[in-house]
Amino acid sequence: MSTSSQTQFRYTQTPSKVLHLRNLPWECTEEELVELCKPFGKIVNTKCNVGANRNQAFVEFVDLNQAISMVSYYASSSEPAQVRGKTVYIQYSNRHEIVNNKSPGDTPGNVLLVTIEGVEANDVTIETIHLVFSAFGFVHKIATFEKAAGFQALIQFTDAETASSARNALDGRSIPRYLLPDHVTSCHLRISYSAHTDLNIKFQSHRSRDYTNPYLPVNPTAMEGLMQPVVGPDGKRQEPQSNVLLASIENMQYAVTVDVLHSVFSAFGTVQKIAIFEKNGGTQALIQYPDVTTAAVAKESLEGHCIYEGGYCKLHLSYSRHTDLNVKAYSDKSRDYTISDLSLLATQVPGMPATPNAWQNPQNAPLYPGTDYAASAAMQAQPSAGQVPAWDPSLQARPSYGSVPGTVPGQAYQASAVPTYMNAAPPAGSSPLSQPGATSMRMPPPGGAPLLGQPPYYGQ
């Protein structure tokens, strides 16, 4: 906007005793505004650091004529209004008084909300945050998290006065460069007051700390440093490793049970626990190994490969934040292989009584036409209601089921030797190992474990 059009705009505005000042220097103070405006009259109120760039302000005179006098003077002056050498543009405001309706972020409190711009989570450690803010007083608690605004932290001080001192000194500043990783080029703090007064920290970890309670439980990730950021030779942050893998399974044409996952992942080491769950419309699983090294080998070997030939049940692996899974039930969705006494786990078999291991009603045994013996032997046998598998801790043999009447009037039924974890019928004459055009991954199976792509308990 040209100077003449700005002047015309000032004169065509409705006069107000509140003036709007733009293009102010960063963090312009109330004293600087008063110094600029007091030659024209008495200032009764100000509002500083307004706008996204915090370079605007409002000044309210006690009388309308005083505001008109200031606008008229600088509109006709050859020397513009200046603060710290910057030209300031002055115009009438649409408001007729300044009402300081402070938002929660403007109301002083003992807890600060800090947004750390220019970094990702874990680029700035909780120890660095504590070091920076403890320079202004005792820091009681810190909690870090990620929101749409970016990486943020709540920092609790003893009182509002200490918090205000830290906010005034650090807002808009950068964390010292030597405290940041080499790949972080810039880091700025945006600080406001939080509505919280006492943070609820449940355990000490790399994301939260309570410096007032030395008896608070410690999260294993805080002690072992498993989740701390690791920077590779290229300077990029690497994924923190863990002994627990998170598996996302795509293209679920066949059901994936605990037994299937155990056969696949035990090829690389001892699997301690498995838990399967549904999330965001997909199937995921947590697989726990005894150490990070074993998990890393399994992740590198299995990432992107399929459990079944033909591209079925594709694995995408990442490290989990968990270090010890809490498995409370023995079922097709969860298993704890470190517990040999199954009585310590609740048995969960859908739609079945809790204890029986044999047919409750022999008349309910399946009937097969006499001409379907060969077909029934080729089909996968589904455990019927009332049938509980006898668990083999070594999982090296197909699970055996409770006794079933061996004969049906006029027939001699023999159970299928093929396990049951396929819920979509494959094309006639095919199996997960023989899909047209299938190219499965074949890896040397340590200790005779099943090959990836083979169903668990495949005929030995």
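Cβ coordinates come from backbone N, Cα and C, glycine included.
Sequence annotations record features per position, and here TrEMBL assigns compositional bias 'Low complexity' to 449-460.
With DSSP classes pooled into helix, strand and coil, the tally for the domain 'RRM' (17-95) is 24 helix, 27 strand, 28 coil. Taken from TrEMBL, the feature domain 'RRM' covers 17-95 (among others).
Averaged across the domain 'RRM' (112-196), the predicted model reaches a pLDDT of 89. Taken from TrEMBL, the feature domain 'RRM' applies to 112-196 (among others).
Residues annotated as region 'Disordered' in TrEMBL: 426-460.
Residues of the domain 'RRM' (112-196) grouped by DSSP class, helix first, strand second and coil last, total 25 helix, 30 strand, 30 coil.
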